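Participant: TrEMBL feature annotations, pasted as is:
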type	residues	note
DOMAIN	17-438	domain 'Enolpyruvate transferase'
BINDING	LYS25, GLY96, ARG124, GLN176, ARG358, ARG402, LYS429	phosphoenolpyruvate binding site
BINDING	LYS25, SER26, ARG30, SER174, SER175, GLN176, SER204, ASP327, LYS354	3-phosphoshikimate binding site
ACT_SITE	ASP327	active site, proton acceptor
DOMAIN	450-659	domain 'Cytidylate kinase'
BINDING	GLY454, PRO455, THR456, ALA457, SER458, GLY459, LYS460, GLY461, THR462	ATP binding site
REGION	623-647	region 'Disordered'
Amino acid sequence: MYATHFLDLPPLLSAGGTVHLPGSKSISNRVLLLAALASGTTRVHDLLDSDDTRVMLDALRALGCGLRREGPVLEIDGLGGQVRTAQASLFLGNAGTAMRPLTAALALLGGDFELRGVPRMHERPIGDLVDALVQLGCELEYLGNPGYPPLRIRPVAQAQLHLDAPIRVRGDVSSQFLTALLLALPLAATQRPIVIEVVGELISKPYVEITLNLLARFGIAIEREGWQRFTIPAGSHYQSPGQIHVEADASSASYFIALGALAAPRAGHDGIRIEGVGAASIQGDIRFVDAARQMGAQVDSGPNWLQVRRGAWPLKAIDLDANHIPDAAMTLAVMALYADGPSTLRNIASWRVKETDRIDAMAIELRKLGATVEAGPDFLRIEPLPTGQWRRAAIHTYDDHRVAMCFSLAALNPDGLPVRILDPKCVAKTFPDYFETLFEVVEPVAVPVICVDGPTASGKGTLAAELARQLGYHYLDSGALYRVAGLAARRAHLALEPSQEAAIADLARALPLRFDAGRVWLGDEDISDAIRTEAAGMDASRVSALPAVREALQALQQGFRRLPGLVADGRDMGTVIFPDAPLKVYLTASAAHRAERRHKQLISKGISANIADLRADLEARDARDSSRSVAPLKPAEDARLLDNSDQTAQQSVDQVLHWWRQVQPFSEG
Ligand SMILES: Nc1ncnc2c1ncn2[C@@H]1O[C@H](COP(=O)(O)OP(=O)(O)O)[C@@H](O)[C@H]1O
Ligand SMILES: Nc1ccn([C@@H]2O[C@H](COP(=O)(O)OP(=O)(O)O)[C@@H](O)[C@H]2O)c(=O)n1
């Protein structure tokens, strides 16, 4: 997951390959609640691991459910319809799929509970559900604004509930209210049937279908008359099915279906293959496939897989009532930029009460890219964005995972512009590794590299590692490779001189080297400290003067150039290894400053050192690095010089980030 302030997606050229998607959020949280209410133990396979499922699991744990993880399987001991903990305060983040059903279940279970979430959760309506529960005789109280969480629930005896008249609930704001009642009311249907009547037109019916489907798996067969009247039979009892598999998330699949439809084919691949969800899915969002086909995508499917290729190009404009695929339809809004005419998404008023007001959010961000968009109370109309008119935009994501994911598709723009996604970690709600998964199947125009070259102890490593951290880029400490080569040669008793050049190069080519969490491994040995001594630096400088050794390490270094970008530090990053890098920095500081820094660094590690010796050593190393015949230490012609003798490390970082913004600007407005 990228926990950076922003993530810059380089322009993308093509896509192809296979993706395995995480489990569906809607199915995961329903299954967790049903397993918790049921009698018996349920083994849940392929559960989604995300913010929303985590808050649900924390809540169930607090309610006294036994939860055990066995590798990829989660075992849940059901409460059998009885509370174990009669009092709890539960934090449910921004998870509507936890807040709504838990409100209903806890109101019926009997206990003293408080339910809270993040500030946005306290702006998401729950009044219609609370009204329905109060009608029934449950005791709920608003702790903040009426109609919204946080809530207080007090115990009531089942005997006090009014279950004879049908329970009426509005269906036109969120289908989650009905889902919550359907999931929870079997608790009270042991003696008599319970009828629920929907007031107003029910939206998002497919999500209710998921609910009914999963209730059936847990032994509860709801009778339905149209979408208006639901009867929970007398004697209903939740029974664990023993094992249950969570399908991959069909809404998450929408980004990859769109990718297959939008991207040019990637050499050696046959479009995008999506594993874990397909034609047999119980999720309503699988019907996104129909919409994508309507826009021109070629989609083949099996029960639990999809294969998507680009068909019509440009895509065909669409005019769609998207009420049946509210979440996935956001992806269509971005696809519409690549269509042959204006597209309209209708009947999407529910977007306004999701993680954010999604109609406004989509309109504002699409306009930032340069698009012409009309936003109505319950519709969105998007004009295609022609070549030459795209703009470099920093996309605000409103703590809404779907905004972040669907705007990543803007990186396929024909103008070859990068896209900045602000607060990329918001994808953790349903798909923590979304960007990593995307990067596995796309081919960028070029992966950006920032090179930091310069003499020893100028602060290259410090600067480069911090830049990489802030940008979410990979980091290459190329000096470490020469240090390891020097160490390996020493251990092999090879003289570090030209007579042994071929042997050292062979050794370097076959190094079983691994970088992991800031440590350097050679085979099974952590050699991070062994290569950091001054003697190891000298040895590195010696082997690095041998052309065959440099040659042997070249491909290894270039292999670090992976999405979303790379910061590389060394001596010849800008001159030899990445000559096309868009930003090259040549970092220097006076010999006196550098000797002093190295001295402090060594002392802080408990290694005794003498400034005069260090200075003599580093000047000798500078001389050798600068005078060698291959890849001598010198600034690339297009490098920006930075003398940081009088700067703090933070000032150097700020300076380079400033240059990077000049090279790669984004408009925020
Ligand atoms: N701009 C700076 N000002 C002061 N000290 C710095 C600066 N940059 C780095 N340092 C310190 O200098 C030492 C050497 O930096 P390092 O990044 O290891 O250099 P290099 O990779 O160029 O050999 C470190 O202890 C680091 O904290
Ligand atoms: N790209 C690189 C990186 C390091 N090196 C060599 O490897 C030695 C150690 O590099 P380093 O970056 O770890 O050294 P410091 O600058 O940290 O002292 C340098 O003195 C160079 O001789 C190189 O030749 N080319």
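For all residues, glycine too, the Cβ spot is worked out from N, Cα and C.
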Participant: Which binding-site residues of ARG124, ARG358, LYS460 contact ligand 1 in the sense of C-beta under 6 Å?
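Facilitator: Close enough to ligand 1 are LYS460.
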Participant: If one measures from the C-alpha of THR462 (ATP binding site) to the C-alpha of ARG30 (3-phosphoshikimate binding site), what distance in angstrom results, rounded to a whole number?
Facilitator: 47
Participant: From the binding-site residues ARG124, ARG358, LYS429, GLY454, SER458, pick the residue whose C-alpha lies nearest to the C-alpha of SER175 (3-phosphoshikimate binding site).
Facilitator: ARG124
Participant: With every protein chain in view, how many other Cβ atoms are within 10 Å of the Cβ of LYS460 (ATP binding site)?
Facilitator: 27
Participant: List, by number or range, the same-chain residues at least 6 past the region 'Disordered' (623-647) whose CB is under 8 A from its CB atoms?
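Facilitator: For the region 'Disordered' (623-647), the list is 451, 453-456, 458-459, 541-542, 544-545, 547, 550, 571-572, 574-576, 579, 583-590, 593, 655-656, 659.
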Participant: Including all protein chains displayed, how many Cβ atoms other than that of SER204 (3-phosphoshikimate binding site) lie within 10 Å of its Cβ?
Facilitator: 21
Participant: Compute the average pLDDT of the predicted model within the domain 'Enolpyruvate transferase' (17-438).
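Facilitator: A mean pLDDT of 95 is what the predicted model shows over the domain 'Enolpyruvate transferase' (17-438).
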Participant: List nothing but the one residue from LYS25, ARG124, ARG358, ARG402, LYS429 whose Cβ has the fewest other Cβ atoms within 10 Å; the candidates are the binding-site residues.
Facilitator: ARG124
Participant: Using the alpha carbons only, what distance in Å do you get between ARG402 (phosphoenolpyruvate binding site) and SER204 (3-phosphoshikimate binding site) once rounded?
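Facilitator: Each residue's Cα considered, ARG402 (phosphoenolpyruvate binding site) and SER204 (3-phosphoshikimate binding site) end up 17 Å apart.
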Participant: Less than 6 Å between Cβ and the nearest atom of ligand 2 is the rule; apply it to the binding-site residues GLY96, GLN176, LYS429, SER458, THR462.
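Facilitator: Close enough to ligand 2 is none of the binding-site residues.
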Participant: Restricting to the binding-site residues GLN176, ARG358, GLY454, which ones have a CA within 10 Å of the CA of SER204 (3-phosphoshikimate binding site)?
Facilitator: GLN176
Participant: What subset of the recorded positions ARG30, ASP327, LYS354, GLY454, SER458, LYS460 lies within 10 angstroms of ARG124 (phosphoenolpyruvate binding site), using C-alpha positions?
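Facilitator: So the list is LYS354.
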Participant: To the nearest whole angstrom, state the Cα distance for the pair the residue listed as 'active site, proton acceptor' and LYS354 (3-phosphoshikimate binding site).
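Facilitator: Between the Cα atoms of the residue listed as 'active site, proton acceptor' and LYS354 (3-phosphoshikimate binding site), the distance comes to 9 Å.
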Participant: Taking DSSP as the reference, which of helix, strand or coil describes SER204 (3-phosphoshikimate binding site)?
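Facilitator: Reduced to three states, the DSSP call for SER204 (3-phosphoshikimate binding site) is coil.
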Participant: Secondary structure at GLY96 (phosphoenolpyruvate binding site) (DSSP, helix/strand/coil)?
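Facilitator: Helix, per DSSP.
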Participant: Tally of helix, strand and coil residues over the region 'Disordered' (623-647) according to DSSP?
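Facilitator: Counting residues by DSSP class gives 5 helix, 4 strand, 16 coil.
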